[in-house]
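According to Swiss-Prot, the protein carries these features:
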type     : residues      : note
BINDING  : ARG56, LYS147 : substrate binding site
ACT_SITE : GLU188        : active site, proton acceptor
ACT_SITE : LYS230        : active site, schiff-base intermediate with dihydroxyacetone-P
Amino acid sequence: MSRFQPYLTEAQENDLRRIAQAICAPGKGILAADESTATMGKRLQQIGVENNEENRRLYRQLLFSADHKLAENISGVILFEETLHQKSDDGKTLPTLLAERNIIPGIKVDKGVVPLAGTDNETTTQGLDDLASRCAEYWRLGCRFAKWRCVLKISSHTPSYLAMLENANVLARYASICQQNGLVPIVEPEVLPDGDHDLLTAQRVTEQVLAFVYKALADHHVYLEGTLLKPNMVTAGQACKKAYTPQENALATVRALQRTVPPAVPGITFLSGGQSELDATKNLNEINKIPGPKPWALTFSFGRALQASVLATWKGKKENVHAAQEELLKLAKANGAAAVGKFEGNMGTTLGDKSLFVANHAY
């Protein structure tokens with residue numbers, strides 16, 4: 001009997017690797033449209049639109065029915081479960097709109113954060129119990145990748161050893177289950193930007209968290225070539241009194257990744273973490289311009305930083321749909337350029353430099 005029992009066939013590994021590589025193709029990234037019903041409610045409230053299923057459907061239809069040019073810079077979209085079953089005005093399922101544009105549908109599979117007992121307001125993420133059966137069903141409905149978010153906070157005594165260990169193991173269990181069911185797992189250990197910590201502290205904590213994550217992924221025999229990482233960019237805390245340049249943020253980010261992320265991982269798809277549309281894009285651009293070894297694609301998996309101007313333009317009005325879609329195309333093109341280090345510094349969107357920070361952000 002072999003000491004190591006493979007849990008994936010060669011064909012399964014090939015499929016996972018192919019999907020992961022397609023998602024992080026040069027100049028392409030992910031639109032994170034997986035906001036929960038409650039979070040969508042907050043976004044719709046900001047533009048004076050009622051949070052009901054029809055308005056959520058109309059908004060997501062707006063996103064997914066944009067011009068086919070969207071696929072030049074968006075390779076995948078993360079969906080919320082409700083969206084899987086919603087249909088466009090002409091009767092097509094919303095994931096079908098994506099497939100018609102050669103955009104890969106993905107799905108958020110975690111069930112939110114819950115308190116981690118024995119810690120100071122730290123959390124773990126729930127949703128493992130029925131994950132295998134849900135993943136099998138999501139694959140049947142056309143999804144080819146998944147996302148699971150864990151959250152860690154920086155303070156004088158957090159993240160704790162327990163929180164880092166627990167969240168890393170949860171992410172590894174999730175990743176293993178996804179792969180067994182044909183879904184590429186996006187591993188998201190978000191270190192929140194809340195706090196007054198400086199850039200070096202953010203870098204060191206990010207390194208610590210990622211080290212825990214990749215140890216757990218190895219322990220659980222996760223096939224790294226069939227995964228993607230969705231980390232925070234390394235930035236100082238929102239309340240830090242010192243301002244750092246995009247170049248300083250980029251250098252700290254790349255150093256943290258070089259020290260912790262194996263080269264077998266095909267791509268790193270950064271979250272925007274409440275940065276303004278312009279700041280997130282500038283930071284991504286500078287990350288790609290940093291010299292030195294970067295063996296992974298460095299691209300985006302943005303939610304707010306790809307949608308804020310879209311929502312502000314739409315305002316829930318049918319006559320604004322085309323203009324809102326044009327905002328989405330501008331944002332996608334700008335971030336596609338940033339993903340190869342060629343963003344020119346201006347995207348011309350409605351809310352380009354407006355901060356999108358939400359304290360203690362929950363999806």
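Every residue, even glycine, has its Cβ placed from backbone N, Cα and C.
As the structure is a computational prediction, the values presented were derived from the model and not from experiment.
Of all the Cβ atoms in the protein chains shown, 23 others lie within 10 Å of the Cβ of the residue listed as 'active site, schiff-base intermediate with dihydroxyacetone-P'. A sphere of 10 angstroms centred on the C-beta of GLU188 (active site, proton acceptor) encloses 26 other C-beta atoms.
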